[in-house]
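Asker: Below is a structure I'd like to ask you about.
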Amino acid sequence: FLGAGKPPLYGDYEAQRHWQEVTYNLPIRQWYFNTSDNNLLYWGLDYPPLTAYHSFLCAYIAKLINPDWIALHTSQGYESQPHKLFMRTTVFVADLLVYIPAVILYCSSLKETSTKKKASICALCILLYPGLILIDHGHFQYPLSLGFALWAVLCLSYDWDLLGSVAFCLALNYKQMELYHSLPFFCYLLGKCFKKGLKGKGLVLLMKIAGTVVASFAVCWLPFCTNVEQIMQVLRRLFPIDRGLFEACMFSSPPPHCKFANIWCSLSVLIKIKNLVSPQTQLKLSFAVTFLSLLPTCIKLTIQPSLRGFKFALVSVALSFFLFSYQVHEKSILLVSLPVCLIINEIPFMATWFLLVSTFSMLPLLLKDGLLLAYTVTMLAFLSVCVASFSIFEKTSTEDLQLKQFSLYLKGYVSWLKAFPKIVRSLFLLSITLMGVLSLMSAAVQPPQRLPDLFPVSVSIVSCLHFLVFLLYFNVVMLWDSKNSRSQKKIS
């Protein structure tokens, strides 16, 4: 684990263990407050209440096995093989109970996977996505927020709007980063209400959804609603905006350069934004750019709500948040990768490409975790399964990439559309080669003394450029998509 045996903080594994220590030994009113028993500078809780409840549940089981694992104060930095086995088991159980069933049921529900074999292939590709495996089981975190979000998408695909709303509220109350997905959920459900008519069934549905969301949040936050200060303290922990545009991206002391693949960190290599612009202006700037980048997709989804458009909107909006929003972490790319996994059966070539880049973008973090071998094996396995299962190199035409309408629009302006499939395949191979070379150099080559961050920064910038192209691509697919409007006419 990253930080294992290295005081004073020990790493993300210790963060999860420490939250169990805090939630089990302290009363709820102290979980988010700085006290003599709860030093917030030592992995203080900074996730919503559902994460804290989950930590308490794990701690209760840990107490039955070995009380030393969660003993107040004395357990800090505790590391042993039995405890590591316990912690890894808790992640695996979370996978088995929440994430994996949602993936299997989702793939079984797809019209494009009418046979069990096709559904199994689709599920296998999603479950083999390297990014989630490496972060959940290597870097160490729980897949519950993404699992709940996937259950929400599954419910909405069956028109179980209220159950979907509950599932997404659970996701949002487990990790606040699920806000990346909140606008597509809101716009899709609001669009459905508009289509049903806000003077009739649509108004009833809107009121039911609003009531469900309020009730779900009330249940999750009830123990913290004893006074206003409790609620405000939890919110301050969830949204520490005073930290600036981006935090230190790596464990321990802040590095000289930010090392994850969003636009602000990439630009900071050339322009020291944090030195030129005040924190308040940084916040306003990131909000404005993020809002403008996702606005077209949200408007289209509200006007023409469709399940297909909803899934593509989840991708493009989450990617806008990752690239342009405030205080992004490299692991946040998983919030984009999950909805990309959901459309891997529709655009297997581009989805496979994106999922490979998303894992590559976390390479500096994975190398610090000592996950080079796991990274290499999972990347090669994922690529091999996708190539074998979907024949991705045969699906690069404008129609396969959902760009037919856009290509018809461009037909009179460009002359190279006939060579488009070949160009796309060449770019993919160039991209894979570049990622392979940078991965090898990052792992095996000593950087120049004057440029100690050369390889991590190169990985981040290359990944960021990829993501900008993907953002343009997904927005084009969303905005020029005629299937959404046709399917909506049928529903109407």
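A Cβ is built for glycine as well, from the same backbone N, Cα and C atoms used for every other residue.
Just so you know, TrEMBL annotations are computer predictions that nobody has curated.
Annotated transmembrane segment per TrEMBL: 85-107, 119-136, 148-172, 202-224, 309-326, 333-360, 372-393, 427-445, 457-480, in sequence order.
Where in this structure would I find these features, and how exposed are they?
Answerer: Among residues of the same chain six or more beyond the transmembrane segment (85-107), those with a C-beta under 8 A of the stretch's C-beta atoms are 13, 16-17, 58, 61-62, 65, 69, 113, 119-120, 122-123, 126-127, 136-137, 140-144, 146-148, 150-151, 153-154, 157, 341-342, 345.
Sequence-distant contacts of the transmembrane segment (119-136) (same chain, six or more residues past either end, CB-CB distance under 8 Å): 91, 95, 100, 103-104, 107-108, 110, 113, 142-143, 146, 331, 333-334, 337-338, 341-342, 344-345, 355-356, 358-359, 362, 366, 369, 371, 374-375, 378-379, 381-382, 385-386, 389-390.
Sequence-distant contacts of the transmembrane segment (202-224) (same chain, six or more residues past either end, CB-CB distance under 8 Å): 28, 32, 48-50, 161-162, 165-166, 169-170, 173, 189-190, 192-196, 230-231, 234.
Cβ atoms under 8 Å from those of the transmembrane segment (333-360) belong to residues 103, 106-107, 110, 112-113, 118, 122, 125-126, 129-132, 134-135, 146, 149-150, 153, 177-178, 180-181, 261, 308, 311-312, 314-315, 318-319, 321-322, 375, 378-379, 382-383, 386-387, 389-390, 392-393, 395-396, 400-402, 424, 428, 431-432, 435, 438-439, 459, 463, 466-467, 470, 473, 477 of the same chain, restricted to positions at least 6 beyond its ends.
Residues 121, 124-125, 128-130, 133-134, 138, 344-345, 348-349, 352, 355-356, 359-360, 363, 366, 425, 432, 439, 443 of the same chain, all 6+ positions outside the transmembrane segment (372-393), place their C-beta atoms under 8 angstroms from a C-beta of that stretch.
Sequence-distant contacts of the transmembrane segment (427-445) (same chain, six or more residues past either end, CB-CB distance under 8 Å): 349, 353, 356-357, 360, 363-364, 367, 372, 375-376, 383, 455-456, 458-459, 462, 466.
Residues 257-263, 265-266, 269, 293, 296-297, 300-301, 309, 312-313, 315-316, 319-320, 322-323, 347, 350, 354, 357-358, 360-361, 363-364, 401-403, 405-406, 409, 431, 434-435, 438, 442 of the same chain sit 6 or more residues outside the transmembrane segment (457-480) yet have a Cβ under 8 Å from a Cβ within it.
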